[in-house]
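J.: Pasting a structure here, questions to come.
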Amino acid sequence: PIRTRIKSMAGDNSLKSFTVWVLVALTTGASAVVMTTVWLTKYLGGFDWNNEKVFNYHPLFMVIGMVFLYANSALVYRVFRNSRKPLLKSVHGILHILALVFSIVGLVAVFKFHNLPTHNIPNMYSLHSWIGLAVVILFCMQWVIAFVAFVFPTLSDSLRASYLSMHRFWGAGIFVGSVASCLLGLTEKNFFAGNYAKLPDAAKLSNCLGLVLSAYAILIVYILAARISAAWSRPPRPSGWSFVKAETNRRRDNIGFIHFSY
């Protein structure tokens, strides 16, 4: 009994620390979105889809989509770890869809800006653009494969379990790549301003934004690290198609139902 109570107390303390880490991470991510908005409205002229200000949709929507929403979709299975798996899958998928929509609009905005008759800037020449587009393509591939594997599973349970570790790894990798692309984009934009070395107010704010984005990435990766605490992870439970198979087998064993093959 004493050992059980000690383990229970340790688990409670771990969950309390988890709550603190999540709140700090969410506050940091929301701060990054607010700082991006202030930077673009106060120093870069705001937003207008019909002129050169269309560019400003690009950094804002990419931060919202590929950084803030993307990270929150990954946290769903930690924050709501005791909820039903189908609900978590739905929320996870919806947040990913929203992230993808924001990202696509952000990409359209920057291509439209580059192709304006008054600018005619070449597309896809910088490291920022290469990494950014690669991350979005990887995200789309990850989404499609996960949809096939987990939403309408055609794979065996063993293959799905094996792919899950890859899904988590590539999910974290895509997120880190997104933040890296943002940092490159901020630096690139500051250099294009022409007076970066003098560190004007706009550059100071964008540099601080880069620090906040970096801190957000560290916090999210720390929370998602599988070996930090077992209490932070969602306990494995049969759900979805696996639950149907388990329930069918249980009834078959108990009352002699015919075994169906799924």
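Just so you know, glycine gets a Cβ as well, placed from its N, Cα and C.
Straight out of TrEMBL:
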type     : residues : note
DOMAIN   : 24-225   : domain 'Cytochrome b561'
TRANSMEM : 20-40    : transmembrane segment
TRANSMEM : 60-80    : transmembrane segment
TRANSMEM : 92-111   : transmembrane segment
TRANSMEM : 131-155  : transmembrane segment
TRANSMEM : 167-186  : transmembrane segment
TRANSMEM : 206-225  : transmembrane segment
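A description of the local structural setting of each listed feature is requested, covering burial, neighbours and distances.
T.: The list of residues near the transmembrane segment (92-111) in space but at least 6 beyond its ends in sequence, with Cβ under 8 angstroms from a Cβ of it, reads 49, 54-62, 64-66, 69-70, 72-73, 76-77, 123, 133, 136, 139-140, 143, 147, 151.
Distant neighbours of the transmembrane segment (131-155): 62, 66, 70, 89, 93, 96, 99-100, 103, 107, 124, 163, 167, 170-171, 173-174, 177-178, 180-181, 184-185, 240-241; these residues of the same chain sit at least 6 beyond its ends, with a Cβ under 8 Å from one of its Cβ atoms.
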J.: Using a Cβ cut-off under 8 Å, which residues of the same chain at least 6 positions beyond either end of the transmembrane segment (206-225) come close to it?
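T.: Distal contacts: 18, 21-22, 24-25, 28-29, 31-32, 35-36, 39, 63, 67, 71, 74-75, 78, 168, 172, 175-176, 179, 182-183, 186-187, 189-190, 199, 232.
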